[in-house]
Structure formats: C-alpha cells, structure tokens
Amino acid sequence: MEFLSKYTACLSNWGLNLEPGLQTVGAAVLLTTGSLFIASRVLTFVRVLLSLFVLPGKPLRSFGPKGSWAVVTGASDGLGKEFSLQLARAGFNIVLVSRTASKLTTLAEEITTKHSVQTKTLAMDFAANDDADYEELKAIVNGLDVAVLINNVGKSHDIPTPFALTPEDEMTDIVTINCLGTLRTTQLIIPGMMQRKRGLVLTMGSFGGLLPTPLLATYSGSKAFLQQWSTSLGSELEPYGITVELVQAYLITSAMSKVRRTSATIPDPRAFVKAVLSKIGRNGGSPGYAYSSSPYWSHGLMAWFLTCVMQPMGKLVVGQNKSMHEAIRKRALRKAEREKGKKST
C-alpha cells in the first residue's frame, strides 16, 4: 500500500512539472515500473502456491541409502520425537540426543518395536556446553554413515520478558543451546557428509528469526543468528552435494510454545514434520531466503505475506509483535498469581 501511494504521488508530480510530451513518457515509465513490480509479486505468489501445494521435495533416500543414520537433537519430546519416528519409518537408523535419559530409552524402544531400524542414544545437556559430551557424541557417530542431521534442540523464554528483566541464566542458556549447541553438533557431523558428497542438515528456525520480537529479544536474536548462519552454510556445502535447510516455523503445539490446541495456523508435531520432510529443497513461503523453507501451508502463506508484502523490520510489524507479547506476558503473570494463591490456601 505504501508503494502504491508513493507511486501515485510521484505520477502526479511528473504530470505537474513536465512538458506534455515528457509527461506521456514519464507516465509510461512509471506505469511500466509499477506493472513490473505488481507482476513480480504475483509471480512470486504463484511460485509459493506451487511450492506449498503442488511440487514435491527431494526424496529422503537421496541423502543416504537404506541403513544410513539420522542424528536428531532435542529428540525426546515434541518435534524432535516426531522427526525421529518419521525418519525411522522412512528406514533410517536413529541417533537420539537429548537431556533426559529415561525419555530417550522409552523412545528408542518405541522406534525399534515399530520399525526395523537401529537406535543409539546420548543423554546430553546442551546448556552445559561440556566438551566431554561432544567427545562422546563424536565417538558414537564415528564410523556411521550419517545422512541426515536434524538440529532441533532449542530453548525459549519461560514467558515473554523485557530484555532488562531477563534472568542471566535464562539468557545464557538460550544462546548456548540454540546457537553454540547447533554449531558444535553440525561441525562434528558434516565432515563425513562432505567426504560422502551427500547429506541433509536441517535446522529448526522460527518466525522470531524473521521478525524482531520484543519481550523475546534473546530468543529472537538467537533464531536470527541461525538464519544467517544456516544460509551461509548452505552456500558453503552445496558444492559437496549437501542440502542445508533452515525451517521457518510459526507456532506448533509443544511444551516450548505452551500451546496445546491445534488450529489452521498451529499444527501438531506430526502434521508439521510430515510437511517438512515432504518438501525438502522447496522454499515454500520463503522465496526470498536461500537455503530456507516455510513448508507447512499456513506458515508458508504467513511467511510470504510478512516478508514479501509487509516490511518485517518496520515499526508497524515490530509494534504489533510487541503488543501481542505484552498481552501474553500479562496473562502469564495473572495465571502465575492465581496458582500462587491456590498454593498458599
């Protein structure tokens, strides 16, 4: 809308200030420019629709033969658990990495019971950033044909909180888990992929990395970092035949999002992971972001609108995002007060 108003004003000025012959030329130039701009937006939207609803992604078997392995971080719950189950169903052996050993054991048993694949587990707290943990992970994957890496481990704020009030340990954990944990794991896995000239490195991003998110500033910044890092990595590894993809996601029902009810815009992990794995290599709703995708249909449409129509870094979008998270914070604080009152009675 802002473009059209500027376009109209510019056209009016040309009409006022130029000779009649030049007015015609000027109007034609502006009309052509405007038409090309609108046509490019329409074509981009058509590409988005084709990517989301028609065109298939790369087959998972293109990343590794039967008997190859997938490493999944944050594997014990939510998206990580679902990635593990669906990759096992596709015939991959699974290395499960997460913090809680008992949950990993239960999931490993579920996978081997349902599917004829092998599993390995590692109970690892990414917040600790312990060299010994990474050495143990290296020992586990050494000699394995790791075809797929799912960087799913992540942490957000307990509730939306102004940066000045964010607890230091929460801030440190978010950066250590989301950024450093992802980098160290990836750097450990990709040499084998580079040797074999194939592989998939898939990292879970967030709309928080696309849109500055007040009251989730540290989390938003960590996901923006992953966006830039993953896109750069995609360019570096493409000559080795490795597909790198950052998945831009809106809300999904999970412990992290604290959303329990599904809707058109909030899928459950099963539906979301199915969309991700069926659209590898397709941009979905993120045509302007190389080596990135927003593959779930409603998330893709939102991502297209926010990045191709709106100005994601503009004050309007940031202000709306701030208002939304201020309201969420107020509700969370009221709920905490009610629960505190119940405990004291």
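Indices start at 1 and increase along the chain as displayed.
Cβ atoms here come from the backbone N, Cα and C positions, even for glycine.
Under the heading active site, proton donor, Swiss-Prot lists TYR219, citing similarity to another entry as support. Using a 10 Å Cβ-Cβ cutoff, TYR219 (active site, proton donor) registers 25 neighbours.
In the three-state DSSP assignment, the secondary structure recorded for LYS223 (active site, lowers pKa of active site Tyr) is helix. Note on LYS223 (active site, lowers pKa of active site Tyr): other Cβ atoms within 10 Å of its Cβ, all shown chains, come to 28. Sequence annotations record features per position, and here Swiss-Prot assigns active site, lowers pKa of active site Tyr to LYS223 based on similarity to another entry.
The feature NADP(+) binding site is assigned by Swiss-Prot to VAL71, ASP125, ASP133, ASN152, TYR219, LYS223, ILE252, SER254, with similarity to another entry given as support. Secondary structure at ASN152 (NADP(+) binding site), as computed by DSSP, is coil. A sphere of 10 angstroms centred on the C-beta of ASN152 (NADP(+) binding site) encloses 25 other C-beta atoms.
Annotation comment: Swiss-Prot describes 26-46 as transmembrane segment, evidence class sequence analysis.
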* Asked: Judged by the number of other CB atoms within 10 angstroms, which among ASP125, ASP133 is the least packed of the binding-site residues?
  -> ASP125
* Asked: Over the residue list VAL71, ASP125, ASP133, ASN152, TYR219, LYS223, ILE252, SER254, recorded for NADP(+), what is the maximum interresidue Cα distance in Å?
  -> 29
* **Structural state of ASP125 (NADP(+) binding site), classified by DSSP into three states** => coil
* Asked: Per 10 Å Cβ neighbour count, which of the binding-site residues VAL71, ILE252 ranks highest?
  -> VAL71
